[in-house]
Amino acid sequence: MNSIEFPLFHRTTQNSVISTTLNDLSNWSRLSSLWPLLYGTSCCFIEFASLIGSRFDFDRYGLVPRSSPRQADLILTAGTVTMKMAPSLVRLYEQMPEPKYVIAMGACTITGGMFSTDSYSTVRGVDKLIPVDVYLPGCPPKPEAIIDAITKLRKKISREIYPDRILSQRENRCFTTNHKFQVGHSIHTGNYDQGFLYQPPSTSEIPPETFFKYKSSVSSHELVN
């Protein structure tokens, strides 16, 4: 029995069928639709807000800002992170669905910035709390640099393998130690706590025999001509 051939059918299928893997298809769909959660605490966030305007138009990159971490796959930290804010940041990151990404924007987020030298409450780098995918230095970085960081993150997503990423997050994640502070009384109210101040005993409270005994024990110095 002769087989029927469809030359037109074979020619169209050869030009339209694409062979790929499920991992590459997943990466391609995610890199074009990043939904960021904006975690801005200082002036760096103002630079990111300028991307919303028509000059840069970050909608063309598929960015859709979300207000809930459960709907976001990218968190962008911009500004100083303090010890008091650290638990909230970690909680937001843990509420994001997998796979999730982090962009650390600005010197204050990456290293603590100018507050890292003499501040007791500043986190010296947000990577001590959550894993960071892209570091964006600057004080503050320009909007063009933010677009470049997003482009680099898209390239990273297109090359990654999801099981390897989960394993890397489990091995390379680190946390800061818990800082314990002791709350004292304020000295700006005028009511000073006597326990924090040292007051030497007055001479009226010292017995006379003790005072003269100490005075006689001190040797006198003679002047030699």
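Cβ coordinates come from backbone N, Cα and C, glycine included.
Here Swiss-Prot flags Cys43, Cys44, Cys108, Cys139 as [4Fe-4S] cluster binding site, drawing on sequence analysis. Shown in sequence order, Cys44, Gly106, Ala107, Cys108, Gly113 are the residues of the chain, 6+ apart in sequence, with a C-beta less than 8 angstroms from the C-beta of Cys139 ([4Fe-4S] cluster binding site).
For Cys43 ([4Fe-4S] cluster binding site), the same-chain residues 6+ apart in sequence whose C-beta sits under 8 angstroms from its C-beta are Gly79, Pro140.
Classification of Cys108 ([4Fe-4S] cluster binding site) by DSSP places it within a helix.
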